[in-house]
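Q: I'd like to ask you about the structure that follows.
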Amino acid sequence: MKYINKLEEWLGGALFIAIFGILIAQILSRQVFHSPLIWSEELAKLLFVYVGMLGISVAVRKQEHVFIDFLTNLMPEKIRKFTNTFVQLLVFICIFLFIHFGIRTFNGASFPIDALGGISEKWIFAALPVVAILMMFRFIQAQTLNFKTGKSYLPATFFIISAVILFAILFFAPDWFKVLRISNYIKLGSSSVYVALLVWLIIMFIGVPVGWSLFIATLLYFSMTRWNVVNAATEKLVYSLDSFPLLAVPFYILTGILMNTGGITERIFNFAKALLGHYTGGMGHVNIGASLLFSGMSGSALADAGGLGQLEIKAMRDAGYDDDICGGITAASCIIGPLVPPSIAMIIYGVIANESIAKLFIAGFIPGVLITLALMAMNYRIAKKRGYPRTPKATREQLCSSFKQSFWAILTPLLIIGGIFSGLFSPTESAIVAAAYSVIIGKFVYKELTLKSLFNSCIEAMAITGVVALMIMTVTFFGDMIAREQVAMRVADVFVAVADSPLTVLIMINALLLFLGMFIDALALQFLVLPMLIPIAMQFNIDLIFFGVMTTLNMMVGILTPPMGMALFVVARVGNMSVSTVTKGVLPFLIPVFVTLVLITIFPQIITFVPNLLIP
């Protein structure tokens with residue numbers, strides 16, 4: 001069983017490394033030998049579909065898919081257990097339907113993939129049913145644990161018997177499933193989409209993972225309206241991952257992991273300490289400055305909080321800082337990551353909005369610096385009020401030594417941005433270059449990265465990618481319903497009726513996102529609302545590059561606000577302190593964040609000036 005439990009990790013890690021090698025070969029072949037590999041992108045995308053699916057399976061086994069537990073945490077224990085049982089039953093149905101629709105789309109696939117020698121696209125669609133069967137096995141494993149620990153009323157044997165019965169019906173009497181078509185009994189017409197949206201909100205807020213809740217709501221909609229088109233719609237589950245720009249996401253995740261594994265984060269912190277530690281509030285400034293430097297390498301807020309957090313909090317405690325400020329600064333400064341290039345959030349926005357990722361990278365830099373300065377100003381005020389001590393000023397020799405040790409790490413953002421603008425590689429390829437560069441300096445310069453830790457880092461990146469992959473798949477499927485019913489246009493009409501200017505619209509959108517961010521994870525929120533908000537921005541002639549940066553900053557506020565503030569939980573865990581302590585500490589730092597958000601909303605030129613100047 002030990003080896004079976006490692007199956008996805010070994011296979012996913014191997015495929016991850018294969019994609020890594022293929023894309024490195026592509027860049028070298030084009031830039032060094034001037035002979036691009038025409039098959040490399042298609043093969044990398046095909047393998048990424050499998051990596052994403054395997055990551056979903058790992059997250060099913062570990063029960064790590066994003067869900068909202070705000071309401072369930074308020075429930076009495078028995079009701080919470082009953083609710084969790086119902087949630088697991090819905091997840092079981094979702095996985096079975098993944099297998100069902102996976103088989104149907106596989107059987108219907110027939111087009112060749114020319115770049116891969118004309119092989120059938122069945123190779124892409126096979127990922128859904130094959131890995132979904134593995135997901136079912138992992139789900140049953142997880143339910144064994146849930147039943148033993150008293151989290152569910154249903155034993156694993158119930159799900160095993162149910163799976164056998166459902167598979168028997170699927171293969172021998174598939175027409176029986178037609179009884180589930182609601183349109184056979186009642187015609188709801190245009191009201192169907194509202195019923196589906198209501199069901200989605202209810203099941204999401206009682207704890208169904210966000211990705212699965214989107215899948216259920218969309219299938220419910222099709223069962224009430226156009227079941228005959230559901231097969232074509234479910235193809236988007238697979239096609240959504242067959243995207244070259246999305247390949248940047250797992251490799252920026254990998255870069256952040258390698259920065260921690262290869263000893264790079266510690267050197268970044270030491271350089272920031274030598275540079276800023278002697279000022280009033282010095283260790284707080286070091287914390288914020290290190291986050292700015294690290295953000296230019298990983299592009300992830302939670303990677304910053306988890307990677308640098310433990311190191312930063314320990315150093316601040318040793319310098320005499322209170323726990324609330326240690327946690328508050330660490331949590332607040334991590335939101336710099338999604339603004340400063342490279343940024344995973346910007347990549348996802350660029351894919352959703354079909355905007356230039358290079359322009360988004362540049363556009364986020366100035367707001368990122370503004371947030372940095374604003375947080376430092378608040379830190380200075382608090383440190384002066386509480387009388388925190390300064391650290392001794394670093395000598396010129398110490399400063400030069402720390403700079404020398406961190407030099408290769410600091411080059412990472414310059415390498416990424418310089419490579420993109422020089423045309424050496426695309427924004428997607430920049431993630432591959434960043435990861436490869438992290439391997440080189442971790443293995444050969446700092447000599448702290450081993451081959452085993454590299455493989456384990458790939459496995460960890462694959463598992464995190466699985467959480468993102470489920471969101472991408474199901475939100476694309478959900479988007480089909482939104483598009484068919486023109487929900488985005490209906491929402492836009494409401495904004496048009498209420499708002500009389502672009503600024504009013506931006507204020508309304510900011511207020512909406514700030515409210516939703518308190519209850520919905522930032523990643524989930526990005527996938528859920530952007531497809532509906534982007535058409536509104538377009539209708540009011542709002543620059544979509546500016547809109548992407550503004551919404552990204554706004555959504556990052558959500559990871560700092562309870563009850564769903566993920567950064568609060570991450571910092572509390574790595575700092576060994578309570579969430580309430582971190583929350584208390586982060587509150588004053590929300591003021592400079594809000595001030596910056598208001599500033600860029602009123603003056604969008606702060607964001608758009610530089611990218612428009614560099615990329616007309």
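Keep in mind that glycine also has a Cβ here, set from the backbone N, Cα and C atoms.
From Swiss-Prot, here are the annotated features:
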- 1-190: region 'TRAP transporter small permease' (REGION)
- 191-616: region 'TRAP transporter large permease' (REGION)
- 9-29: transmembrane segment (TRANSMEM)
- 36-56: transmembrane segment (TRANSMEM)
- 117-137: transmembrane segment (TRANSMEM)
- 153-173: transmembrane segment (TRANSMEM)
- 196-216: transmembrane segment (TRANSMEM)
- 244-264: transmembrane segment (TRANSMEM)
- 332-352: transmembrane segment (TRANSMEM)
- 407-427: transmembrane segment (TRANSMEM)
- 459-479: transmembrane segment (TRANSMEM)
- 527-547: transmembrane segment (TRANSMEM)
- 552-572: transmembrane segment (TRANSMEM)
- 587-607: transmembrane segment (TRANSMEM)
Q: Using a Cβ distance cut-off of under 8 Å, indicate which of 36-56, 244-264, 332-352, 552-572, 587-607 has the most pairs with the transmembrane segment (459-479).
A: 36-56
Q: Looking at 36-56, 153-173, 196-216, 587-607, which one has the highest count of Cβ pairs under 8 angstroms to the transmembrane segment (527-547)?
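A: Going through each listed stretch, the top one turns out to be 587-607.
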Q: Is it true that the transmembrane segment (36-56) and the transmembrane segment (153-173) have 3 or more Cβ pairs under 8 Å, skipping pairs fewer than 6 apart in sequence?
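A: Checked: the transmembrane segment (36-56) vs the transmembrane segment (153-173), no contact.
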Q: How about long-range neighbours of the transmembrane segment (332-352): same chain, 6 or more residues beyond its ends, C-beta under 8 Å?
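A: For the transmembrane segment (332-352), the list is 243, 245-246, 248-249, 252-253, 287-288, 291-292, 294-305, 309, 360-362, 364-365, 367-369, 371-372, 375, 413, 416-417, 427, 430-431, 434, 522-523, 526-527, 530-531, 534, 548-549, 551-553, 555-557, 559-560, 567, 571, 586, 589-590, 593.
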Q: Verify whether three or more Cβ pairs under 8 angstroms connect the transmembrane segment (9-29) with the transmembrane segment (244-264), leaving out any pair fewer than 6 apart in sequence.
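A: These two segments touch.
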Q: Restricting to the region 'TRAP transporter large permease' (191-616), what is the model's mean pLDDT?
A: 84
